[in-house]
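First comes the structure, then the notes that go with it.
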Amino acid sequence: MSKGLLLLLLLSMGGTWASKEPLRPRCRPINATLAVEKEGCPVCITVNTTICAGYCPTMTRVLQGVLPALPQVVCNYRDVRFESIRLPGCPRGVNPVVSYAVALSCQCALCRRSTTDCGGPKDHPLTCDDPRFQASSSSKAPPPSLPSPSRLPGPSDTPILPQ
């Protein structure tokens, strides 16, 4: 009887410790550097902003073939504001203003492709799409740590559900 009680105490304390200090950072705004370019403008620059990133708890069924899949949540924008910058050197007739999102708060929710990169493989890390800027090792090539904002899926408000 005492072994069962000891096991119960150890398991309950372990759960308490895990809930106080999550193993992975939760969904929250983090600082990020994004590449900004526009078709027709001969420049690619980087901007500092905040994006939503982090862990969202999810579950999966053990018997996936028998029961329907559970919806999976991802780290999404809750509150966002947009800021604009003017790209230098754009030719006459090309609007040099580009807007980008700044995450104010985040939430774990179903992935909405209209506002969120729902994952998947990326061709390139955070780089400019124009090949003139990709081969350069100048400051125009941003660090290879984040996906390019131009690689986001097309707008749609349909949530991504597991197959």
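Heads up, the Cβ atoms here are built off N, Cα and C, so glycines get one too.
Predicted, not measured: the structure shown is a model, and the values here were computed from it.
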From CYS27, CYS41, partner that Swiss-Prot gives for the disulfide involving CYS90:
CYS41
Tell me which of CYS44, CYS52 Swiss-Prot records as disulfide-bonded to CYS128.
CYS44
How big is the gap, in Å, between the Cα of CYS52 (disulfide bond) and that of CYS75 (disulfide bond), rounded to a whole number?
6
So of CYS44, CYS56, which of the disulfide-bonded residues has the fewest other Cβ atoms within 10 Å around its own Cβ?
CYS56
List, in sequence order, those disulfide-bonded residues among CYS56, CYS106, CYS111, CYS128 whose Cα sits within 10 Å of the Cα of CYS27 (disulfide bond).
CYS56, CYS106
Out of ASN31, CYS56, CYS75, CYS90, which of these recorded positions is nearest CYS106 (disulfide bond) by C-alpha distance?
CYS75
Using Cα coordinates, what distance in whole Å links CYS41 (disulfide bond) and CYS128 (disulfide bond)?
12
Check each residue in the chain of CYS90 (disulfide bond) that is at least six apart in sequence and keep those whose C-beta is under 8 Å from its C-beta; list them in sequence order.
LYS38, GLY40, CYS41, PRO42, VAL43, PRO96
